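Read through the structure below, which is laid out as structure tokens, and then see the notes.
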Amino acid sequence: MASSATISRPRFRCFDPSNSYPATPDHPRYFSSAVSPTSSSSSSSSSPRENGFRSTMAISNNSEPKIVTGEGGYVLEDVPHLVDYIPDLPTYPNPLQDNPSYSVVKQYFVNADDTVAQKIVVHKDSPRGTHFRRSGPRQKVYFESDEVHACIVTCGGLCPGLNTVIREIVCGLYHMYHVKRILGIEGGYRGFYARNTVPLTPKVVNDVHKRGGTILGTSRGGHDTSKIVDSIQDRGINQVYVIGGDGTQKGAAVIFEEIRRRGLKVAVAGIPKTIDNDIPVIDKSFGFDSAVEEAQRAINAAHVEAESVENGIGVVKLMGRYSGFIAMYATLASRDVDCCLIPESPFYLEGPGGLYEYIEKRLKEDGHIVIVIAEGAGEVLLSASLRKDEQDASGNKLLQDVGLWLSQNIKDHFTKQRKMNITLKYIDPTYMIRAIPGNASDNVYCTLLAHSAIHGAMAGYTGFTVGPVNGRHAYIPFCRVTERQNKVVITDRMWARLLSSTNQPSFLDLKEVANKVAETKKEDTEDQLIDGENHIEATAASNPK
């Protein structure tokens, strides 16, 4: 039976502390225009702040973040909730309390005030820092099972694990929350108003995780907010699961804002997807492990080709438009790579310490060399006639094939200028890597992402994306994962390990290094660094909990 104040006693232990933190608006994301905590939307008896956060919650206007501050420099960057704009919503017992699969779990429902710290390496007297709301099932849900009409949409480029996320959202809703009405939106955002939908059941999605791509189809662009929300409203959809990269998450944020403006009881949950691992805050994006693993095959082929001939050169271009994580981790995993070039680390071709000099040195010493280059590396070296100013439907700049350009320049330099006989093989496995199914690690990770999104939507949270932060899954405001891109930090120990592994030059003089260090200290890189290291390297992301 619905209730706005009480629920039936659960079978699991669930703690509901009632701490009270003084609100001190000293956080850079705290806006003075926020609604007072005494407003009706923050004092509702059914508020999701669940005692601990209710007295300090500050609901901000439009897309401004919700900030809760506490003692010791504690800051919670909270996510929106349906009761923020639809007060007095009834609550219902979570169906999981009667699910026999979870009867042995001692504490399945997360504590009401649980948060996840963005930074875990702190100093003795440093503040507690920024936190995010911990994901997981809540005692109370804001949707009845029969009421839920969910939809799933995939947008942007392909990525290993897309079908796994789709499968686990469907199976999670069906088996954990007894939701029977789930639609797949075909063809990306434009599918809401220009394509068909497909009913999704556990039987339909049973084996899809074994296939690459997405069974729903995808596209770039096509985001018409009014038409999309009209379709959501007309179809009676009240839970929207959006799987895509930063551009897709920006679109989901706009959809949420329109839904909130119309006062609809619709939860919007994002699952961040990018094979480049360039989404900030979270430890890593799904599909990244699979991509690095598959890249090994291309690197191995380049190495076999290069070492089989005299003066053999293998060039492998990997994904990484603006962030070189795949190239960096594939290089470290392979140990067959002699030089790794990424967008974050400028390089030059000619002169002392340049790439040509290094290639010649390796050829004389080893007889071969393997070079890995990310697709966005060396853009500044391309002549103006080669660089493109065109964009795809998502607004991404169309890049010239830097791998082909570099290969041709290497050939011209050594055959025409140095008069050396070389054999160069160029391998571009980009679309082969994107099209594979997720590996075991990514399949487990995708399951956790899907379940986190489901628990959040059922608990009434909306306008959020999910992901592991320091190994613990959390609900993160859309604005945090779309405000910038995660990049390799070339002044930390991880990049130093790569340079040590390949013995390549850094292509930076001491003055440039000093400037890079100064820039890193000046910028707010807390999302990207943990005690001066690349975020993914310093976390337990490979074993998310």
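Note that Cβ sites are derived from N, Cα and C of the backbone, with glycine treated the same way.
TrEMBL entries are annotated by machine, without manual review.
What TrEMBL records for this protein:
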type: COMPBIAS; residues: 32-47; note: compositional bias 'Low complexity'
type: BINDING; residues: ASP246; note: Mg(2+) binding site
type: BINDING; residues: THR274, ILE275, ASP276, MET319, GLY320, ARG321, GLU375, TYR431, MET432, ILE433, ARG434; note: substrate binding site
type: ACT_SITE; residues: ASP276; note: active site, proton acceptor
Among THR274, ILE275, ASP276, MET319, GLY320, ARG321, GLU375, TYR431, MET432, ILE433, ARG434, the record's substrate binders - longest CA distance, Å: 17
Neighbouring C-beta atoms (10 Å sphere around the C-beta of THR274 (substrate binding site)): 28
Distance check against ASP246 (Mg(2+) binding site) for the binding-site residues THR274, ASP276, MET432, keeping those with Cα within 10 Å: THR274
Candidates ASP246, ASP276: member of the binding-site residues with the richest Cβ shell (10 Å): ASP276
Under 8 Å by Cβ from GLY320 (substrate binding site), same chain, sequence gap 6 or more: ASP276, ILE326, ALA327, ILE342, PRO343, ALA374, GLU375, GLY376, ALA377
Site of maximum Cβ density within 10 Å, from binding-site residues GLU375, MET432, ARG434: GLU375
